[in-house]
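Accompanying notes for the structure given below.
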Amino acid sequence: MWWVWVVCLMVVCLMVVSEAGSDSAQGSLPPSRRFNIGGVLHDNGTELHFMNSLKDINFDGVSVADQTTLYDVTLVHRGSPIAAALHVCQNLISQAVFAVVVANTPDDSMTTASVSYTCGFYHIPVICTHSRDYIFSDKNIHVSLLRTVPPYSHQADVWVKLLKLLGYRQVLMLHSADKDGRALLARFQSAARHSDNEKGVKMTTAVEFSPGQESFVEELTTIREDLVKVILLHASEEDAEIIFHDASYLNMTDENYVWLVTEQTLHARHVPVGALGLQLKYAHDYKAHITDSLRVVALALRRLHEAHEVIPEPPVNCNAEDSWDKTGRELFRLIQEQVVTDGRTGKVAFDEHGDRTHAEYSVVNVQEQRQDHLAFRTLYTIGELKYDAANDKMVMQVNQSSIKWSGGLSKAPPGYFLPKHLKVLTIRETPFVYAADVEDKTQCSDEDEVFCPMLMEKGEPRPMCCWGFCIDLLLTLAEKNAFTFNLFLAPDGQYGDLIEGPDGRNWTGMIGHLVGDGDADMAVAPLTINPQRSQDIHLTKPFKYQGITILVKRTPLAPALVSILQPFRGSLWLLLMATVHVIAILIWLLDRLSPVYSQDEEDCEFMAISESFWFSWSVILNSGLSEGTPRGLSGRVLGIVWSGFTMIMVASYTANLAAFLVLDTPETPISGINDPRLRNPVENFSFATVRGSAVDMFFRRKSEWANMYRVMEAHDYRTVDEAVQAVRDGDLQAFIWESSRLEYEASMDCTLVTVGDLFGRSGYGIGLKKESPWSEKITLDILDLHERGYMEDLDKKWIWNEGESCNYNDKEFSKRLGLKNLEGIFILVAAGIVSGIPLIVIELIYHRCKNHLSERKRKGGSEQTRNNNSSSEVGEITEGHECCDYEGLARL
């Protein structure tokens with residue numbers, strides 16, 4: 001094990017620190033403008049390239065400050081890690097190096113560790129070009145190490161981009177139980193969750209194994225039982241050979257599976273055809289990494305030189321005190337902050353751990369090639385992840401048409417297994433799900449009826465038959481996706497309430513059967529979409545949109561006794577009465593004063609005051625006139641104007657009377673959710689919802705309606721049917737529930753009405769288990785059914801209820817007029833009849849008195865003559881000036 005070497009190496013490094021000083025060179029300190037750069041190289045070719053690159057950097061005019069020069073101090077190491085520590089101390093530190101570049105082979109991590117421990121003690125920055133183990137990211141151990149290659153765990157970032165590009169959102173992971181495997185798992189989970197604020201990639205299962213096992217059948221069997229078939233593998237080459245062998249034995253390399261493997265695994269034997277993997281670009285280009293490393297160091301030294309007039313010299317022997325701590329840390333930070341966008345290996349930058357970022361990868365596909373009846377596997381490049389300098393971001397490009405998937409297929413597998421038989425739960429909810437008791441399933445004979453036994457907490461299920469909006473939707477989805485199902489009614493008839501306690505989040509009711517290890521696969525019911533439910537189950541896109549409203553009982557209006565007076569206000573009636581009489585008097589005066597008529601005429605042609613009043617009332621009541629009209633021009637003009645006025649008034653009265661008599665609507669006890677009787681509850685006004693429902697949760701989390709919720713909680717009902725019946729019976733004044741159901745109830749019973757605007761808008765969705773493979777398919781199907789108008793057809797069939805009407809009460813809500821509506825006019829007629837009786841009595845008495853006076857006049861003699869002459873004079877005066885006779889008075 002190489003960790004044994006690490007322990008020995010740390011002991012040797014301490015010995016070197018204490019003893020090697022006497023053997024080191026004790027030359028004079030180099031000048032402040034001379035920077036020595038050390039190099040630990042694995043062969044003479046890389047050593048020569050190191051020297052030449054440093055010379056080029058000295059003269060590029062950018063990397064090195066004026067009057068400063070970079071010098072190389074190198075050693076070629078091929079020995080043990082302990083020897084490497086001694087050589088670094090004797091050959092590099094003794095020459096006062098400011099930084100060290102380690103360019104060893106990828107499998108020689110021990111040399112990198114040895115140099116890092118030795119230089120780290122003096123805080124001399126070390127840049128590694130090929131070691132990719134996760135341990136080098138630990139800054140508690142390797143305090144001054146950076147590297148121009150990313151650790152293996154950074155492949156997780158590329159995996160997430162690749163999975164999203166290929167459309168896979170659910171994966172499994174099989175990884176080794178070491179630091180690299182666990183680091184890969186943690187980084188993948190973080191990247192999948194926070195990738196660009198887009199829909200992430202979900203890891204459903206992560207299986208860990210101990211490296212070096214002889215069989216992995218148990219771990220692979222656990223994975224095979226999962227519905228997800230996209231497998232991410234991190235293992236050494238040796239373990240991967242056994243894993244692929246066992247996977248082939250379990251038929252886990254066929255066309256249903258997708259394998260994504262790490263770089264170490266690609267070259268294992270038995271790697272399945274169709275597997276996808278990553279290869280780091282420039283991984284074996286030692287010269288490119290050396291050049292980029294030296295450029296980064298040169299730029300950091302330039303900044304250090306520009307920031308300080310005097311730069312302390314690095315230690316020159318391994319026995320020196322740690323006096324370069326501050327400068328070494330500052331130089332490490334400056335190297336870490338450098339960004340080279342035009343590096344030979346792409347964009348060179350470092351993260352907070354000193355690891356390379358913006359590394360470029362090739363995406364490869366394991367394909368099978370045949371030649372001379374022989375088959376062999378090759379790695380075929382199908383894409384790449386590279387740095388886009390124009391947009392300053394990493395871009396992935398994959399030619400998906402060139403991928404050969406498992407089984408040699410050109411079409412990508414779905415990445416999951418769809419179970420074809422589902423257990424579906426529903427709940428009785430008019431008009432979405434109706435249910436009736438039956439003796440056996442054969443009684444569900446109609447094509448839109450489904451046998452749906454009700455699950456019982458104890459005993460056998462109760463046989464029932466279901467139909468309705470949701471049942472039609474379920475049958476359509478089953479036909480569309482070719483799956484079968486068993487439908488059951490939820491045992492307690494409840495949607496489910498969330499109970500949060502010390503043991504976590506627990507759901508009751510129908511939702512409880514979907515959460516965790518619940519026995520149901522799907523819930524098809526009017527299940528309101530809300531944040532609490534979405535945390536624990538998957539809810540599809542809404543199949544019906546709705547809100548929350550309030551159901552109340554109508555308060556019928558009894559027709560008023562004086563309903564015929566309602567079209568006009570009282571002030572208008574008084575003004576109209578006054579106008580009638582004023583017009584009558586004016587017409588009489590105009591006609592009386594008119595000069596058109598001579599006072600010497602024998603016949604009385606002037607209009608009597610009684611005729612004027614008769615004319616005014618006849619015009620407004622449209623009774624018709626045959627006599628008693630104005631004779632003068634001025635009176636006739638006023639009569640015409642009065643006729644026009646009355647025409648407008650009568651038309652206005654008639655229109656309003658029809659509205660008041662026919663369109664009277666009953667009053668409602670509240671106006672909506674903001675009604676004071678809801679916001680400030682009173683004892684004699686009760687309102688409620690269904691306990692544990694989505695509406696109950698809505699009010700529970702709204703702090704501004706806390707008072708309302710406390711009152712509602714005391715009156716909440718168990719089911720919607722119970723609450724609606726309570727409103728009918730008058731036991732409940734207001735029921736707050738979802739608009740779809742309440743509008744249906746109001747359309748079926750006109751004693752009920754919904755009030756106020758909709759609030760808390762949401763929708764009904766189909767519930768599935770979290771990460772169900774059916775989630776995306778059912779959601780897409782619902783959107784397709786919306787576009788085709790199928791959901792509107794269901795609305796017409798089950799909710800809008802075309803062809804049926806609510807049960808109107810003819811006595812309270814009839815639109816036809818009855819005695820109650822017009823009783824006032826009959827009373828008016830009765831008053832006219834009653835008033836006519838005393839008037840005829842008065843007329844009779846008057847005429848009897850008149851006749852009696854006439855008889856006395858005829859018996860009179862000479863006195864009668866004088867009286868006649870006198871009466872003749874008086875008659876002439878009266879006829880000339882008043883034009884009034886007894887017959888006119890009688891008519892009045």
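Using the three backbone atoms N, Cα and C, a Cβ is placed for every residue, glycine included.
Non-local contacts of T528 (L-glutamate binding site) by the CB criterion (under 8 A, 6+ apart in sequence, same chain) comprise S693, A694, V695, E738, S762, G763, Y764, G765. T528 (L-glutamate binding site) falls within a strand segment according to DSSP. Under the heading L-glutamate binding site, TrEMBL lists P526, T528, R533, E738.
Here TrEMBL flags C750-C806 as disulfide bond. C750 (disulfide bond) falls outside any helix or strand according to DSSP and counts as coil.
Taken from TrEMBL, the feature domain 'Ionotropic glutamate receptor C-terminal' applies to 447-801.
A mean pLDDT of 89 is what the model gives for the domain 'Ionotropic glutamate receptor L-glutamate and glycine-binding' (453-516). According to TrEMBL, the feature domain 'Ionotropic glutamate receptor L-glutamate and glycine-binding' maps to 453-516.
The signal peptide annotation in TrEMBL covers 1-20.
As annotated by TrEMBL, site 'Crucial to convey clamshell closure to channel opening' applies to I670. For I670 (site 'Crucial to convey clamshell closure to channel opening'), the same-chain residues 6+ apart in sequence whose C-beta sits under 8 angstroms from its C-beta are I550, V552, R677, L678, Q733, A734, V755, G756. Taken residue by residue with DSSP, I670 (site 'Crucial to convey clamshell closure to channel opening') is part of neither helix nor strand, so it is coil.
Sequence-distant contacts of R700 (site 'Interaction with the cone snail toxin Con-ikot-ikot'), defined by Cβ-Cβ distance under 8 angstroms and a gap of at least six in the same chain, are Y709. Marked as site 'Interaction with the cone snail toxin Con-ikot-ikot' by TrEMBL: R700.
Per TrEMBL, the feature transmembrane segment maps to 572-590 (among others).
Among the features that TrEMBL reports, transmembrane segment is placed at 640-663 (among others).
According to TrEMBL, the feature transmembrane segment maps to 825-846 (among others).
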Point to revise | Cβ-based neighbourhood (8 Å from the centroid) of the L-glutamate site, residues P526, T528, R533, E738 excluded | key: Y495, L527, I529, N530, Q546, S693, A694, S762, G763, Y764, G765
Practice item. Mind checking which residues of the chain, 6+ beyond the ends of the transmembrane segment (572-590), have their Cβ under 8 Å from one of its Cβ atoms? Key: 565, 607-609, 611-613, 615-617, 620, 630, 632, 634-635, 638-639, 642, 645, 649
**Study point:** CB contacts for E738 (L-glutamate binding site) [other CB atoms within 10 A, all chains]
**Key:** 25
Check your understanding: Which residues does P526 (L-glutamate binding site) neighbour through Cβ under 8 Å, counting only same-chain ones at least six apart?
Key -> E429, F432, V433, C470, K544, E738, S740, R741, Y764
Point to revise | the domain 'Ionotropic glutamate receptor L-glutamate and glycine-binding' (453-516), counted residue by residue under DSSP: helix, strand, coil | key: 17 helix, 20 strand, 27 coil
Check your understanding: Once the chains shown are all counted, how many other Cβ atoms turn up within 10 Å of the Cβ of C750 (disulfide bond)?
Key -> 16
Practice item. Mind giving me a neighbour count for R533 (L-glutamate binding site)? Other Cβ atoms within 10 Å of its Cβ, every protein chain shown. Key: 23
Check your understanding: How many angstrom lie between the most widely spaced Cα atoms of the L-glutamate binders P526, T528, R533, E738?
Key -> 17
